[in-house]
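What follows is a short report on a single structure.
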Amino acid sequence: MLDFITQKKHDESRQGEAFAPEQAGVQQFSKRFYIESYGCQMNFADSEVVASILQEGGFGATRNYEEADLILINTCSIREKAEQTVRKRLTDLRKVKQNRPGALIGVLGCMAERLKSKFLEEEKLVDIVVGPDAYRTLPSLITEAEGGQKAVNVLLSREETYADIAPVRLGGDGVSAFVSIMRGCNNMCSFCVVPFTRGRERSRDAISIVNECQVLFDEGYKEVTLLGQNVDSYYWVDESTDTIVNFAQLLEKVALISPLLRVRFSTSHPKDITDEVLHTMAKYENICKYIHLPVQSGSTRVLQLMNRTYTREWYIAKVDRIRAIMPDCGISSDIIAGFCTETEEEHQETMSLMEYSKYDLSYMFFYSERPGTLAARRYEDDIPEDVKKRRLDEIVHLQNKLSHESNVRDLGKTFKVLIEGDSKKSGNDWKGRNSQNKMLVFPKGDHKVNKGDYVMVKVTDCTKATLLGEIV
Ligand code: SAH
Ligand code: SF4
Ligand code: F3S
């Protein structure tokens, strides 16, 4: 997402990256697919489901789109810029079609769902358009497209969770994996396109989630991130025993797989996160002490217009509760600058709530009106672009200060770190995260440790986004 300003999200550093598993075994397949993903972690997880469906259908993955028979882009609609990025990319991919007329181009994900067959009118070289709930029909859509027809399936489902599909892990580090626990969203935040592109909320079978995490652990993975737009509303009924599994119980089940398997999750909604979840986090060392708790705005009036269904005071009480139950918990946020009718005072309220919450990290955006949303229909997008950008700049500036202060508070502390691999800058350094989701970089030295191991690291220094330290 290009309008994302300072820090890169775990997944945002991967925007548009192409993935194929190391052991893709391209030779055994007669045809090859190439997939590129944009947007949130859910989209990256979905691409792994798509890869599994395609491999069943006889396609092997490739990292080189020039040799692909099928080029897929898994798209995001969250802000206008996200869609512009995809359109630009489609223009590039068009050239491939000129060189390889037989190659098919498919658009998956949220933009496919939002634009439906309009996509085919707007982008003539697209052959296949598939929404997030229709990936099982990809093989037959491909056959249709190979026959020269344009193929579209954008039906949303109330049941589909792809629970039985074992995702093919694409381009990961072999240490950390995403596991989708639910799909869709019922919240109807007025600015948000997700309920329209992803449909109704539904929770995935808990048994299949725990199985998937167990398999990952058996394969050597050390960290799973449970994904949903609003994980706290996870709710699944085990009909064989007539018992309910809520999110806290699901977390516990996954945490019990092994103390060596770290458990993370995203995203929590301030209105739904419960004390039961917080106590479960506190009880298990391997449930990471980190909560992404998007506030969006610090003004109760704006929150009401956003249909977030909590107030500034409610949010503050949640932050207090987290700090009371887990004093060492990291908290991050999403913030929207310049929502419809936001006043200067209300913008200041967002800043003061950021100060209060002492966010370690925030993902910050200016408001981008999305067609069809409640806000687009009800409110005028009346904050001039220069004002939106100035407010966003102030928010980013403040967050940089808060992130730095948070890092300075960690100087001298020792953390348990899961090694994810070589640091970006040097093969002589490891990188890895602590429980609070902060990235640490430290020299390998003579220590006999490897990717996927846990080490204790003492923080000696910090940069804006990273803690620097040494193994103790
Ligand atoms: N389910 C998550 C958010 C998913 S979208 C939650 O409820 O918190 C990720 C973030 O994108 C949102 O938290 C919001 O900050 C931002 N966002 C969503 N729609 C937007 C829009 N129309 N304009 C600007 N930012 C938006
Ligand atoms: Fe969008 Fe709100 Fe649902 Fe998050 S909770 S996906 S912001 S509607
Ligand atoms: Fe984007 Fe869809 Fe995710 S709109 S943020 S890819 S749910």
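All positions are counted from 1 along the displayed chain.
Each Cβ is built from the backbone N, Cα and C atoms, and glycine gets one as well.
Whatever TrEMBL says is automated annotation, not expert-curated.
According to TrEMBL, the protein has these features:
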- 1-15: compositional bias 'Basic and acidic residues' (COMPBIAS)
- 1-21: region 'Disordered' (REGION)
- 31-147: domain 'MTTase N-terminal' (DOMAIN)
- C40, C76, C110: [4Fe-4S] cluster 1 binding site (BINDING)
- 171-405: domain 'Radical SAM core' (DOMAIN)
- 408-472: domain 'TRAM' (DOMAIN)
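Neighbour counts of Cβ atoms within 10 Å were compared for the binding-site residues C40, C76, C110, and the top value is held by C110. Using the Cβ center of C40, C76, C110 for [4Fe-4S] cluster 1, the list of other same-chain residues with Cβ within 8 Å runs, in sequence order, Y38, G39, M42, N43, T75, S77, I78, A82, G109, M111, V194, T197.
Helix, strand and coil counts from DSSP across the domain 'MTTase N-terminal' (31-147) read 62 helix, 25 strand, 30 coil.
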